Amino acid sequence: LEYHEKALLIDTKSLPPNHPSLAVSYTNIGAVHHEVGNYSQALEYHEKALSIRTKSLPPNHPDLAGSYTNIGLVHREMGNYSQALEHHEKALSIRTESLPPNHPSLAGSYTNIGVVHREMGNYSQALEHHEKALLIDTKSLPPNHPSLAGSYTNIGVVHREVGNYSQALEYHEKALLIDTKSLPPNHPSLAVSYTNIGAVHHEVGNYSQA
């Protein structure tokens, strides 16, 4: 935070008030506040970055989508789901117009929307968006990329929450297989996959496997 604020101070003194580099500094500060749980401050800085980008960039510039995404992520952490959804859908709209149809950033937007729908209990919409993300990841990433494992995990979580346990298990095992091949043996994401599989086995009464 200290170094990003020094950078912002220099940018403020040396650049025009709507220069894109100022937006980068605001974004960096917002990201740190987000990481440490200062959500209202994170929101303040991401909104400053968005304001600058709105004034200085074309309306379908990918950096604008990045600002909408950052704001959406903070709103989700705060439980403001309708606002989170609104910002993630704006990001998706921009990315749909400005990026190739199988760009990983599009998958990121579909994932973000899916997560919010799941937390709101809109499981069919959550599944629809996570499956779109998976389709893009499958086409655009190597077969053992960790982001693919993330998409399988998201789909598995939704299936578990709606009681589709065999499908949940199938997707969590696919995620584990990718994690096993692509990550160090003690990586935390592997623990998440084992936990997810254990939770499904627990719910169906396979206690020894759980």
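Yeah, the Cβs are placed from backbone N, Cα and C, and that goes for glycine too.
Averaged over the repeat 'TPR' (23-56), the predicted model reaches a pLDDT of 98. Annotated repeat 'TPR' per TrEMBL: 23-56 (among others), in sequence order.
The annotation repeat 'TPR' is assigned in TrEMBL to 65-98 (among others).
As annotated by TrEMBL, repeat 'TPR' applies to 107-140 (among others). Away from its own ends, the repeat 'TPR' (107-140) comes close to residues 65, 69, 72-73, 76, 81, 84-85, 88-89, 91-92, 95, 101, 147-148, 150-152, 154-155, 157-159, 161-162 of its chain (Cβ-Cβ under 8 Å, at least six residues beyond either end).
Here TrEMBL flags 149-182 (among others) as repeat 'TPR'. Beyond its flanks by at least six residues, the repeat 'TPR' (149-182) meets 107, 111, 114-115, 118, 123, 126-127, 130-131, 133-134, 137, 143, 189-190, 192-194, 196-197, 199-201, 203-204 of its own chain at Cβ-Cβ distances under 8 Å.
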